[in-house]
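A.B. asks: Pasting the relevant annotations from TrEMBL:
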ACT_SITE  Glu98  active site, nucleophile
ACT_SITE  Glu102  active site, proton donor
DOMAIN    18-187  domain 'GH16'
CARBOHYD  Asn106  N-linked glycosylation site
SIGNAL    1-22  signal peptide
Amino acid sequence: MSASLSLAILVLLGHLMATSEANFNQHFDVTWGHHRSQIKDGGQLLTLSLEKDSGAGFQFKNQYLFGRIDMQIKLVAGNSAGTVTTFYLSSQGSNHDEIDFEFLGNSSGNPYTLHTNVFSQGKGNREQFLVDNIPIRVFTNMKSQGVPFPSKQPMSIHSSLWNADEWATQGGRVKADWTNAPFVASYKNFKVEACIWKPASASSTCSPGARQTQGLDAAGRNRIRWVQSKYMIYNYCSDLKRFPQGVPYECKQSRFL
């Protein structure tokens, strides 16, 4: 049985944005594993497959500074051990910004593990995501207090399916069963409400005077507390072995990291 999830990434909803639904034929490029990707249903569905030799990945043609990105993903069905399905935003360069979901497969009957990360200016350990429209982590903009935040570098949308059985499932103890290959993940209902970056003018399409506020209401705060108490298995803000000199500054300021 596979898991079908609706994912959303919100980044600084602070400007006026245009909403659009993308067609995979028109708006996406397959970046690797071309013969292991298929676009179906008139551009409304895209699939990636993983075989023992390699997987596949795609990228959205536009770049964005701010916005909300939604995608429905059907993860690898059955015994997905060793596989990693990703969906993420990334800028370019060594000091890049990146916001990502990583779904680590598992043996049949066991749940997926979801890793969420935000790297800002090459520094990681930040999260800000929704799954099935339920907030699971929030990272507040604390740039004025010296905490990096992904607000300056335009990012493009990427996704991939690849083999990581040396570490992905139960610390690498459970390997991919290649008799089940090809492993397949599918994508549909991509929606973007975002500021498109224009490289030629080094600007975005957003109007800086049109402000929006995107925060959690009381219901949202209750839902994120429920998710974290029921499903969270690791929080870097509680990892004193990793940070023996003290946890990062944002851990002391936010309740929902």
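Numbering starts at 1 and runs along the chain as displayed.
Note that Cβ sites are derived from N, Cα and C of the backbone, with glycine treated the same way.
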A.B. asks: So if I measure Cβ to Cβ from the residue listed as 'N-linked glycosylation site' and keep only same-chain residues at least 6 apart in sequence, which ones fall under 8 Å?
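C.D. replies: Residues satisfying the criterion: Ser80, Ala81, Tyr112, Thr113, Thr169, Gln170, Val174.
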A.B. asks: How many other Cβ atoms are found within 10 Å of the Cβ atom of Glu98 (active site, nucleophile), counting all protein chains shown?
C.D. replies: 19
